[in-house]
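Enquirer: One structure follows; several queries about it will come next.
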Amino acid sequence: MFEATTILGYRGEMGGKKFALIGGDGQVTLGNCVVKANATKIRSLYHNQVLSGFAGSTADAFSLFDMFERILESKKGDLFKSVVDFSKEWRKDKYLRRLEAMMIVLNLDHIFILSGTGDVLEAEDNKIAAIGSGGNYALSAARALDSFAHLEPRKLVEESLKIAGDLCIYTNTNIKILEL
């Protein structure tokens, strides 16, 4: 279900300034073949106030994106209210509950994982979240690197995704990063 990508979200504060970043690799896999190495699986939403990224089935992920973006617009960019309403709406539709995709959504204050089953999970530390086949590698690397206060947030995301790309056969090191 979650093959062929790694997405990492990272938010926090450095030097009194809040930051939020999301990064992902570019690999798309169909079965056991790499069909694209430079796909974009991250995007900014609501006037560049929210970042998002997906892992899983591309068609299902776009369904997730569209639905979430519509709710985010209706809530005027309030991420917390949007994920709650997203989950409520999700659970009402039998088709939606079977989507094979996950998303990370974050802003300067919150970071959430949205699943294709309608679950909403706030990152344990409200700081780092990762999804996809290389998600556990990226999450582990990001948590370790986060303990070094001197590392810039963009560099942390980049290095964590590189580690995931080196270890996970469904993840490459063609990394794209967005930040608020």
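Numbers run from 1 along the shown chain.
Backbone N, Cα and C define each Cβ position, glycine as well.
These numbers come from a predicted model, not from an experiment.
Pulled these from Swiss-Prot:
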| type | residues | note |
| --- | --- | --- |
| ACT_SITE | T5 | active site |
| BINDING | G165, C168, T171 | Na(+) binding site |
Enquirer: Out of G165, C168, T171, point to the one nearest T5 (active site) in space (Cα versus Cα); all of them are binding-site residues in the record.
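Expert: Out of the listed candidates, the nearest Cα belongs to T171.
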Enquirer: Count the Cβ atoms, other than its own, that fall within 10 Å of the Cβ of T5 (active site), considering every protein chain shown.
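Expert: Within a 10 Å radius of the Cβ of T5 (active site) lie 30 other Cβ atoms.
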Enquirer: Test of understanding: give the count of other CB atoms lying within 10 angstroms of the CB of G165 (Na(+) binding site).
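Expert: Around G165 (Na(+) binding site), other Cβ atoms within 10 Å: 22.
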Enquirer: Helix, strand or coil by DSSP: which one applies to C168 (Na(+) binding site)?
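Expert: Assignment for C168 (Na(+) binding site) reads coil.
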Enquirer: Beyond the listed site residues G165, C168, T171, identify every same-chain residue whose Cβ lies within 8 Å of the center of their Cβ atoms for the Na(+) site.
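Expert: Once G165, C168, T171 are set aside, the remaining close residues are T6, D25, Q27, S133, G134, Y137, L161, A164, D166, L167, I169, Y170, N172, T173.
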Enquirer: Looking only at Cβ atoms, how many others are within 10 Å of the one on C168 (Na(+) binding site)?
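Expert: Neighbour count, Cβ to Cβ under the 10 Å cut-off: 22.
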